[in-house]
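Structure first, then comments.
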Amino acid sequence: VLSNARLFLENLLKYGILVDPIQVISLFVKDPYSWPAACLVIVSNVFILVALYTERQLSKGSLSEHAGLLVHSFNLSIILSFPALVILLVPSITPVGGVFALGVYTVLLLKLYSYKDVNRWCREMSSIKAKTLSRSLSCPSAQHMSGRDQKVCYPGNLTIRAQLPALAQDPLFEMLFLTQLLVGLTQQWMIPIIQSSMKPLEDMDLSRMMERLLRLAVPNHMLWLMFFYWFFHSSLNFIAELLRFGDRQFYKDWWNSETVTYFWQNWNIPVHKWCLRHFYKPLLGKGFSKMASQSAVFFLSAFFHEYLVSVPLRMFRLWAFLGMMAQLPLAWLVGHFLRGDYGNAAVWISLIIGQPFAVLMYVHDYYVLHYRHETGGQDS
C-alpha cells in the first residue's frame, strides 16, 4: 500500500491533476447532434422482431423447421456482421461507442441463439408453444430459460420487492461512484504510463518495455477488479432487481482458482452456462472429444474477444485472440504441474501480467497507425 501510494503521489507531482470528465464524454460522441452508436443499438430491435416472428410462425406450423433454421441463421449472421460493417465505415463512431454497440449486439446474438435452441427443444419434447421473448432479452443472462431438461420457466420474482429503494440504493451508488473512480484512475494513472511507453516500444528497448509493463500492471489490475465488481455485482444485481430476475448467480469464487479452467468457468457464469449448454455439450453429443470441445469453446471466446477490440479500433492485430488461445497450454501446464496455492498464484500472475501486455500492444499499434505521422515518431 505504501509503495503504490508513493507511486500515485509521484504521478500527481509529475503530471498534476489529469482527471477531465468532459474529455470522457467526447469519447462517446464527437458530434453533439449525432449519436451513431446509440442509433446502432436502437436498430438491434429489428433483429429481435425477426426472431419473434419466426418463432411464432414455427409454433403455428406455418413455417418448416428447415426454413426457420435458415431464417434464424441469416438473422444471426446479420447481427454479427452488420454492426461491425457500420463501425468500420462510419468514422464518427468512436472506439468507446463501438465497444458499447458491439457488446450489445454480442449479448443479443447469444440470447437469440439460445431463444432459437430452447424453442426448438420445446417443440421436440412436447406440444408447448414457443413463448415470446418478454423480459428475457433484457435480463442479465445469456440464456433464454433455466435448462433444457426443465419445464418452460423463467426465474423471477412476482413483484419488485417493497424494499427496492433500500436494496438498490447501495448498488446504484456503487455503480455511479465506481464509474467516476474508473474514469479518474484511467486518466490520472494509466494514460501517462501508456503514453510514456510508446518510445520504448518503437525502439524495442526490452528493459524499458519490461519496466513500463510492470508499472502498468498494478493500475490495470486495480481497474479490472473494480470493473468486475461494478459490472457483475453492482450493475447486474441492480438491473436484476428492476426486472424481477430471480437468478443472481453471476459469478462464483474465481479468486480461489487453483486452475485456469476453474477461473474461466466461474468468473462469468452467464457466458459459461451459455457455452456449456449451447456449444460444449452439443459438440460432445456429436462425438467430439472433451479436449476438442474445450478448444472450440476457447476459440469461440478468442474470436469474440478480438471482435470486441479490433473492430472498434479499426485494426486487426490478433493480440486478444492469441491471448485467449494461450490459455489452452497455460491451463494444461497449471493443471498438470501446479496445485493449491501455486496454481492460484499462476492464475493471478497470468491476470496481472497478461492484460497490461495486451493493452500496451494495442495502444502501441493504434498510436503508430493513427498518430505517429502527426508527431514525427516522437514520444507523445
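Yeah, the Cβs are placed from backbone N, Cα and C, and that goes for glycine too.
Here's what TrEMBL has on this protein:
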| type | residues | note |
| --- | --- | --- |
| ACT_SITE | His305 | active site |
| TRANSMEM | 35-54 | transmembrane segment |
| TRANSMEM | 66-90 | transmembrane segment |
| TRANSMEM | 96-115 | transmembrane segment |
| TRANSMEM | 213-232 | transmembrane segment |
| TRANSMEM | 291-309 | transmembrane segment |
| TRANSMEM | 316-339 | transmembrane segment |
| TRANSMEM | 345-363 | transmembrane segment |
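When each of the listed stretches 66-90, 96-115, 345-363 is scored by C-beta pairs under 8 angstroms to the transmembrane segment (213-232), 345-363 comes out highest.
Taking a C-beta cut-off of under 8 angstroms and a sequence separation of 6 or more, the residue listed as 'active site' has the following same-chain neighbours: Ala320, Phe321, Gly323, Met324. Between the transmembrane segment (316-339) and the listed ranges 35-54, 66-90, 291-309, 345-363, the one holding the most Cβ pairs under 8 Å is 291-309. Stretch with the largest number of CB pairs closer than 8 A to the transmembrane segment (35-54), among 66-90, 291-309, 345-363: 66-90.
Here the transmembrane segment (291-309) has long-range neighbours at 84, 99, 102-103, 106, 261, 264, 275, 279-280, 283-284, 316, 318-325, 327-328, 362, meaning same-chain residues at least 6 beyond its ends whose C-beta is under 8 angstroms from one of its own.
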